[in-house]
Amino acid sequence: MASVNLDMELQEVELNNAEKGQMGSKSGGVFLTWNDLWVTVSTKKGGSKSILKGLTGYARPSELLAVMGPSGCGKSTLLDSLAGRLDFSTRQSGEILINGHKQKLSYGTSAYVTQDETLLATLTVQEAVYYSAQLQLPVSMTKSEKKQIAEQTIKEMGLQDAMNTRIGGFGNKGISGGEKRRLSVCMEILTRPKLLFLDEPTSGLDSAASYYVMSGISRQREGRTIIASIHQPSAEVFNLFHSLCLLSSGRTVYFGPASAAIEFFTRNGFPCPYLQNPSDHFLKTINKDFDEDIEQGSAGGRRPTEEVIDLLINSYKSSEGYHEVQSHVAEICHQGGEMLKKRSHANFKTQCLVLTRRSTVNMFRDPGYYWMRFVVYVAIALSLGSIYYNVGSNYRSVEERGLMVAFVVSFMTFMTVGGFPSFVEEMKVFQRENVNGHYGCFAFVIGNTLSSIPYVLLISLVPGAIAYFLAGFQNGFEHFIYFALVLFISMMIVESLMMNVAAIVPNFLIGIVTGAGIQGLQILSGGYFQLPSELPKILWKYPLYYMSFHKYAYQGMFKNEFEGLKFRDDMFGNNHIMRGEVILRERWQAEMGHSKWVDMVILVGILILYRLVFFLIIKTKEKFVHARKTSTSILSNRSTQIMAKSLPASPLHGLTPPHDTPTNNR
């Protein structure tokens, strides 16, 4: 098919799935209104600071609303408020309505694109969008239908020439910054959401890239309500805006048609100089960071920036445009509209399979995830094997076997922290996709666990075999398999530990230091560097010794290596034979009341426990995020009841969504 009406196709799939009405009306869009919106944060001195101060405005279907202002004026905070993404440290009051109703923004009804590109650098553009389509689109759709939607969305955003190019990141050449922004948008509009939030989509881009990004977004406005915060757009980008919300220090300087903003500034004595970018003029006029006086008109003299801002704000509040905004908001609320309902996406099984496949590809292509560690592990295994080559069965070999087991359990597993940076990047992608409702926490945990097993098993078997057989450890396939399995489970435990750290401390340096510190404590209290009977009872013996997975790994490895062997005591000329069980009991103080397999089962239990803790951490974070999103408005005593205003007898001019292109603002 040359072209596909994706909205119709998605609706037909939903109808076939007995979910009529969940995709919303084809013709109806989303009218978003906010009235007397305040956002405050607590200060260190116990007071509070207002970030947004009584904002009122609206966004209409098929229009692009730009939120502009100098740095720190509250642009991103306004977007977060409207999207229900404010942090719990903030307090919000006012009224935010969707089609005249207080309702939450459920999955598929809205999309939020952050200014940070949280993308998997190893995937190609086509792979990234296709995996996202498999996760987001309904399970009732076939793979070919999902692929067709993904490819058409890529073309709509002008990314067809980069489809087979990897996204790239630090140290890897990939697509350009502008293409990454368009890709981020592309992945969020697969479900054809009716409400799209964009936070600084042109940040860090040159003027040409900014224009291509914004023009691509503007082409997606038909039937969709788009709100974008933008810092300093070029004149060409400014011409793409239908409406403009200009903020300064959390207050509204101007709200209305973008084309009328120049006239507003001119009327108040601050005309835009000929051939100057309007947005540059606006921001220069209302930016009080540099404390420079602003020239007012030809004979008005120069006035302090703070005074100019107050003048413009007061002029706006007394203008006809301000009262029109109030009337528009009142009429939108009076007319109402449909309630937005959650759309369906892939089922749990599909999510697990897709996430496992995507994570496997990412791990395979990212050399820092496992391959560099594999090379280092092989080098260390060769070093261990050469240092402890053929340890034999004399008295000295008892210590050598113990030292090698301790090194393998302690330091080879310790090196698993090397994959922490790669995992943090994957966590960032998960957090973005999870907060947008693409999939749940449990599916991510399952997918990440299943995808990592083959790689961890590989770096357990190969280096483990090299070290084991070069050292001449106990013969028998069962003994080697046990050795490799304990190494594998221990590495998985450390990976799980670092996952927990990454979920709490998503910072490379602090995360690695924290994870290394926790492992250091576990190694010290594990029963090798200080025997169990010599450990201080408080803290080190109870509870750290029993909590450390090294305790069970040490004892399992020791039992695997010493049970059934006999050693010759040749230190002082007496060649009497020592049984391995005696050495375990007296030298290593192993707990002989259970077998080595019990130690392995305990290790598996610790692994499952760590993964469950990881799930609980990210699930708790998810609940906090969704608790904020359950309602897009919070009423307070400060809210005004604009519905008390008398409504016009006939619809206001311009309330019907326009479908023409914006007028030239130059």
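For all residues, glycine too, the Cβ spot is worked out from N, Cα and C.
Looking at the stretches 52-75, 196-219, 508-531, the one that TrEMBL records under the feature transmembrane segment is 508-531. A contact between the transmembrane segment (508-531) and the transmembrane segment (403-424) is present, since 3 or more of their C-beta pairs, 6 or more residues apart, lie under 8 Å. Three or more CB pairs closer than 8 A are found between the transmembrane segment (480-502) and the transmembrane segment (403-424), so contact between the two stretches is assigned (pairs 6 or more residues apart).
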